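Copied over from Swiss-Prot, here are the features:
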{"type": "ACT_SITE", "residues": "ASP12", "note": "active site, proton acceptor"}
{"type": "ACT_SITE", "residues": "HIS40", "note": "active site, proton donor"}
{"type": "BINDING", "residues": "11-17, 39-41, ARG307, 333-335, 415-417", "note": "GTP binding site"}
{"type": "BINDING", "residues": "ASP12, GLU13, GLY14, LYS15, ASN37, ALA38, GLY39, HIS40, THR130, ARG144, ASN226, THR241, ARG305", "note": "IMP binding site"}
{"type": "BINDING", "residues": "ASP12, GLY39", "note": "Mg(2+) binding site"}
{"type": "BINDING", "residues": "VAL301, THR302, THR303, GLY304, ARG305, LYS306, ARG307", "note": "substrate binding site"}
Amino acid sequence: MADVVLGSQWGDEGKGKLVDVLCEDIDVCARCQGGNNAGHTIIVKGVKFDFHMLPSGLVNPKCKNLIGSGVVIHLPSFFEELEAIENKGLDCTGRLFVSSRAHLVFGFHQRTDKLKEAELHETKKSIGTTGKGIGPTYSTKASRSGIRVHHLVSDEPDSWKEFETRLSRLIETRKKRYGHFDCDLESELAKYKVLREKIKPFVVDSIEFMHDAIKDKKKILVEGANALMLDIDFGTYPYVTSSNTGIGGVLTGLGIPPKAINNIYGVVKAYTTRVGEGPFPTEQLNEDGEKLQTIGCEYGVTTGRKRRCGWLDLVVLKYSTLINGYTSLNITKLDVLDTFKEIKIGVSYTYQGKRVTTFPEDLHALGKVDVEYVTFPGWEEDITQIKNYEDLPANAKKYLEFIEEYVEVPIQWVGTGPGRESMLEKNI
């Protein structure tokens, strides 16, 4: 059976730390969607590891790690990230595997991404993409013109010729679309001949890999990237990523059935942040927002961009819970609220004089809602050294209990600091 860790907001909730804690007793950790547009930071014994594409389970020396078929992979970035974490002392030998069905991100995908974003910026409709080529790669996947890992590594006769043909067509299509598009086929082929041999030892049939693990009753943890509000179907479209970031993406990205899922853990930051463009009802463009940003060190792991900050939005969390079916929640970064005299939680929206308790799909309406808040007294004390949930200040527990009651899902963990030791487990 597989447990799943999913982001419940707009990403950057701190999923990596929960994955790190859970991986201490896990046999397999798998990524199911997204690419290196995501970012997790894990601190182990004072050493900081930044994960973008690779599964966070690599910090556990006994855990095998899979990049599933729903992930899109930029091979140069894959090897750069692998080298970076190995240089910090992680031995990944024989523990990292890549699905033969995963699609490849090429340099021209990344250039296309940036050119499209520049065009949108001129029309003031910028999405705020990371520029990593994720969207254009999923576009070629959907149009059935993409290149998968097996196209690159296959030893079948004429397989390299097919790879050349596919790559040539993709490059020519972009040259026709962008007259100034710079991408040389021969240099790309030379680069990928080298990468072909480097990636081969990592490649597996991910369907067989996952189902063997399920059959052998291995403990499996699936690490979702991004978050539900960035889902291509259920997020604040078009200000979303290009994959299914909810529970559906777990099934399609790994090729496992619903009955293989056990627990679904929703990770919730104690306030709300968002990177890039798009609606954000509880955003605080004031001293409170600046304080959250400063104390929370709210900068994107992947882009370095400053995150927009606001109060916790329970309309968003309730919506996310309905879709993903969380069995329990992990509240992160509660300590960021330590110095606030008052703390607010958004509980409903009002649009054109009417109360709205569900999340609107119409962004025009969403941009005009007024948020109804419940105000809580702060605890105004340092909680970073607290080791047991029961020892949290009374006002902190009231804040957490309100969240539980509103979304009707128990809180299982509370984060009170950056390290893996700063995770309080609550009896549920």
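First residue shown is number 1, and so on along the chain.
Note: Cβ is positioned from N, Cα and C throughout, glycine not excepted.
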Report task. Given the binding-site residues ASN37, ASN226, LEU334, state which is nearest to GLY304 (substrate binding site) when distance is taken between Cα atoms. Result -> ASN37
Report summary line: GLY14 (GTP binding site) and ASN37 (IMP binding site), compared by Cα position, are separated in whole Å by 15
Report task. Among the binding-site residues listed here (GLY11, GLY14, GLY39, GLY304), identify the one with the smallest other-Cβ count within 10 Å. Result -> GLY304
Query - LEU334 (GTP binding site) - helix vs strand vs coil (DSSP) - result: helix
Report summary line: ASN37 (IMP binding site) sits from THR416 (GTP binding site) (Cα to Cα, rounded, in Å) at a distance of 26
Requested in this report: Calculate the distance in Å between the alpha carbons (Cα) of ARG307 (substrate binding site) and ASN226 (IMP binding site), and round it to a whole number.
Outcome: 14
Query raised in the report: Would you say which of the recorded positions LYS17, HIS40, ARG305 has the most Cβ atoms within 10 Å of its own Cβ?
Result: LYS17
